Amino acid sequence: MEEPKCLQREMYKSVMTENYQCVLSLGYPIRKPEIVSMMEVGEELWSKNDSARPGQKEVEGETPKESDWAAENCKRAQMHKEVLDLDTLAAVKSEPVEEGSNSAKKSHICSHYGKLFSCYAAVVRHQRMHQLQKSHHCPHCKKSFVQRSDFIKHQRTHTGERPYQCVECQKKFTERSALVNHQRTHTGERPYTCLDCQKTFNQRSALTKHRRTHTGERPYRCSVCSKSFIQNSDLVKHLRTHTGEKPYECPLCVKRFAESSALMKHKRTHSTHRPFRCSECSRSFTHNSDLTAHMRKHTEFRNVLNLDSVVGTDPLSSQNVASSPYSCSKCRKTFKRWKSFLNHQQTHSREKPYLCSHCNKGFIQNSDLVKHFRTHTGERPYQCAECHKGFIQKSDLVKHLRTHTGEKPFKCSHCDKKFTERSALAKHQRTHTGEKPYKCSDCGKEFTQRSNLILHQRIHTGERPYKCTLCDRTFIQNSDLVKHQKVHANLPLSDPHTANSPHKCSKCDLTFSHWSTFMKHSKLHSGEKKFQCAECKKGFTQKSDLVKHIRVHTGEKPFKCLLCKKSFSQNSDLHKHWRIHTGEKPFPCYTCDKSFTERSALIKHHRTHTGERPHKCSVCQKGFIQKSALTKHSRTHTGEKPYPCTQCGKSFIQNSDLVKHQRIHTGEKPYHCTECNKRFTEGSSLVKHRRTHSGEKPYRCPQCEKTFIQSSDLVKHLVVHNGENPPAATAFHEILIRRENLTRSEPDPYPCTECGKVFHQRPALLKHLRTHKTEKRYPCNECDKSFFQTSDLVKHLRTHTGERPYHCPECNKGFIQNSDLVKHQRTHTGERPYTCSQCDKGFIQRSALTKHMRTHTGEKPYKCEQCQKCFIQNSDLVKHQRIHTGEKPYHCPDCDKRFTEGSSLIKHQRIHSRIKPYPCGVCGKSFSQSSNLLKHLKCHSEQNPPVALSSELGFVAETQTHPDPVDHIVYGDTASYISPEAAGERSFKCNDCGKCFAHRSVLIKHVRIHTGERPYKCSQCTRSFIQKSDLVKHYRTHTGERPYKCGLCERSFVEKSALSRHQRVHKNESPVLNSAMEQQQVTYWGESKDDPNSLVPQLHVIKEEESPHIVNAYSPLSILQSYFPPILEPKGTPRYSCSECGKCFTHRSVFLKHWRMHTGEQPYTCKECGKSFSQSSALVKHVRIHTGEKPYPCSTCGKSFIQKSDLAKHQRIHTGEKPYTCTVCGKKFIDRSSVVKHSRTHTGERPYKCNECTKGFVQKSDLVKHMRTHTGEKPYGCNCCDRSFSTHSASVRHQRMCNTGRPYQDEEYENSLFYSADITWKGDYAQLLQIPCGLEEPMKAIGWISEVAL
């Protein structure tokens, strides 16, 4: 009986497995039934005690009963029947799955998760899984499960139990199936084979996913962008790109990741743990993918030993095999993977099977064709979430994202420098290692980059792939072809000399290619000079040389350049000059492939390769490449300066130096840039300038790879790395190499033995050596200051004599040095020759560009030794160090005040002298600082010039239609009216609200209002601020610092504006009290009696009868927003008058806030309750009502307040301070509002009028209460009887009566007993009292009210 049961069980297992395999073979995504999982791991299916299954335990101590076991088996059988119904399978088989079909052909969608199916029966079967009851609930996380086995597996995630252990590596697993899959990594078993490509897998799920690559099935679709995925996990990861969710956070550096695997890889960067070890060579890896790639080196090499015929090389050495098992027989390049090797071989066969249908361009790989095709379609599927920039390749997006994150993942192990790309790191590391991996097979020369090797090899092969279409001349580099083609622009030049030199001189071994040239040279040795000049008796060997010499006396220059009109005495000089315009260099060096414009320059250059120095100094035996260099050098020994200037008497060693000097007097600039038409006095300056257009930077720093246009900039930069005295070996090695490549030959440099610095000339070296010996031989007789060089002394003496020999022809301003004049003239011409390559910003001086470039590179080379703070400029470091030393070297002689900076002293002295040297050319207004003038100039529009207007009074200009509160502008006789359309340039616009600003910095601060960004955080209370200045002010609340002190009462203030407001109390200049003045004094600009062309401040008294004309004082609101208002005297007099109530204000901001009281404008709205406010500060305070925030605590009693002003008033209760005094009766008050209310008892003023009955009130709150008598509003309700009241006090009295049981008066009866009366004061606080009808004495009313209130 037992044997048939066993056979029946085996048959059941076989049928179930076959049915499940059938479904999988169709490519249908089906959830694996639990019974199939049990069969795969070898569990018993018919055990009556489920707890006896291996790996399962009893849950909460319960043992399943036999009835439960039977019900469970029935339930499972029903599930299997539903899932594996043969009729359904037949329906599935009836719909053939086409190869390459995708999810778009699956029209049946699951309503729960959106999963796609090819037939309706599959959807029905799938949806039954959602309808199953989840009866197993996890007590830890409330998760539910349909099957008990899934519930038991889930519980192990909470308990950490891993009952299945691998006997090979001791690794543990929660499920037996996971252990079986893992063991296949040791055995190498891959039992699941793809029928299409025969690829094998160790897990069935991997085969299922792989099958979808053949069928094109992508069952998981994104509901946002409709993109489909093969796996559900890929869809989950993709959805995070839409939501921005990064749920995995690193506990060490708080960095977040979208995937857990990325977090695991990242965590290993914090530790040295390498958990993945190679079993063959014991090498360890941080990531499993690295180990997998490494393992292929071992497994693929075993295969490559049998593929010698394919590889085409001899057996590889063990060293090469360990790294790259596949070697190319043509170029000897090695590869780690077979596929990469096959792709590479196609580059030699030039087979490009993938053709573009648009341009017929061929590609080796299909992926390259896909990327190329996007250049035609414009598709950029990879978009940056920060700036929405699109990219064709994902790798480009990854590199781009690093510009936003600042991430530089590739770090140099030598200098800790970081790079965004691995290739940049590889190139950089070669500067440390000196590695030159690209070696020439012909001459053994090595190069750091492959591109340089390719160019070099063309010297050996003779390959010149770039051909001129006009003259068939060929070139090694494309850049040489481009330069050559400029020759054909206008003038045809002669062919270059050949390299053949058959004629050799027996005296000096010089060779010549032409016989005539050789004969001319021979006469130099014979000394024969039969052609003599009649003027100076100088002799020449040839008549042509005499003709040329005579032109020196006559000044004749018959050869003229057609482009720049420059003339020359010889035709050869014209030809040489013409090459400056064409850029042609017809004389190439075959050693280094450098080209030259002249043959003589090539001969001199060639000596740098051979080391030949034929011209030696008889004094110091120093050798020189050129004879002219020896002649110049000899004058350093003799002190001879044979070339004097006829205008200033200055002498020079070289004639070229004299020519350059004379251009200072004549103003000649013969060197012309063809790009920007700029002219220069020296050819070297033009060469340097051209590099700003071409971007060439030939001088490279050997330490940081930074490049420079000039060698002097490199020398200055090297000080950053090596300090003030850089070693010669590291600092100037690169300079010497570049110097060999200069277009002109130069004598050997003079190195300093102290610091290794190199100089071109010996006098420069001698001057430099004095800096080490601290020898200053040139003292000043005026101030005893000494200098190293006499030129420095001459410049310094001009500061005493006041001599400024260099004058500007535009403004006649004088300067001590010519360089200062050159810089100044650029302010007139607008020339900015130094352009930033990053943002195209232009600068007048090179030093300004250098400083600006550091804002892009982040370089701060000047570090403070005390606090390690770094600065971009050395001057900033000097100023900063004064903070530590407390030094204030700049002293005011008038008030003995000291300053850390000279500019601060200059600005301060203008307070004493009242000098305002910066006048506005439009309106004549003057300013003490240039920055204020620049801000003011933006108020004037260039499109609408000012038009002078006048009235009968001579100073009032009226506007026609302006709804703004102020309608007039008051100026002097020569004042100009600026229309609202000319309201200043505001070129920076906010994209959110359309508001415009004159300065970019103001726009940046404004944008933070929309974004909510508050980058400045307080370290004491974690409060944040939009501006740094606000943080500084706030920090004083913690430190107690009050830097602004009143000179009259010794009171201190946190802000300067608070001090200004306080000082008005002493001067009796309250803007509120000034509104009652019968006449006002206004200062305006008028003509001076002494000089009609100048504007001076004039005082005008505005009388009572003139007030109708000027009650709407000074200027339209639109102009106020872009204008500096007219100067008002005396200081503190109100400048802004309200046209509605006549009230005057000193500050425009206070006036604008006041004006909103009349207009009712409330632009600031609360998002919580919709309430609006006229001021942003009121909104901020209101929001704290919702949040409950009270950031201002009292240090005495601990009570907190929403506003700082409330805290200040509260603290006066503890101190007893009453700083506000009534000027009439001398009574004192705690706050200013109390004294204002009190002052109305003297004046009888009632500013708050009721629109219904014209009744007046002293306080606005009384008006609000009164208005409820008209509207009937009763906002205060009783909690006991639902009765409502119009005032809070009435509600409080009523609730007391409800609580105590005492009767209460009817509110209408109470209101009928009262009428509004004068203000009566009790104690220190003003209270508005309502007097009962018939009671004349207010004090009796006070007693009556007190009695009722009790």
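Cβ from N, Cα, C; glycine included.
Quantities reported herein were computed from a predicted structural model and do not represent experimental measurements.
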- Item | Per Swiss-Prot record, range annotated zinc finger [choices 503-525, 963-985, 1078-1100] | 503-525
- Note on the structure: Swiss-Prot feature zinc finger, matched against 3-25, 72-94, 164-186, maps to 164-186
- Matching 300-322, 806-828 to Swiss-Prot annotations, zinc finger lands on 806-828
- Same-chain residues near the zinc finger (862-884), Cβ under 8 Å, at least 6 residues beyond its ends: 851, 854-855, 900-901
- Message: Based on DSSP, tally up the residues of the zinc finger (1220-1242) by helix, strand and coil.
- Response: 11 helix, 4 strand, 8 coil
- Positions whose Cβ lies under 8 angstroms from the zinc finger (671-693), at least six residues beyond its ends: 563-564, 580-581, 660, 663-664, 709-710, 743, 831, 833-835
- For the zinc finger (1276-1298), the DSSP residue counts stand at 11 helix, 4 strand, 8 coil
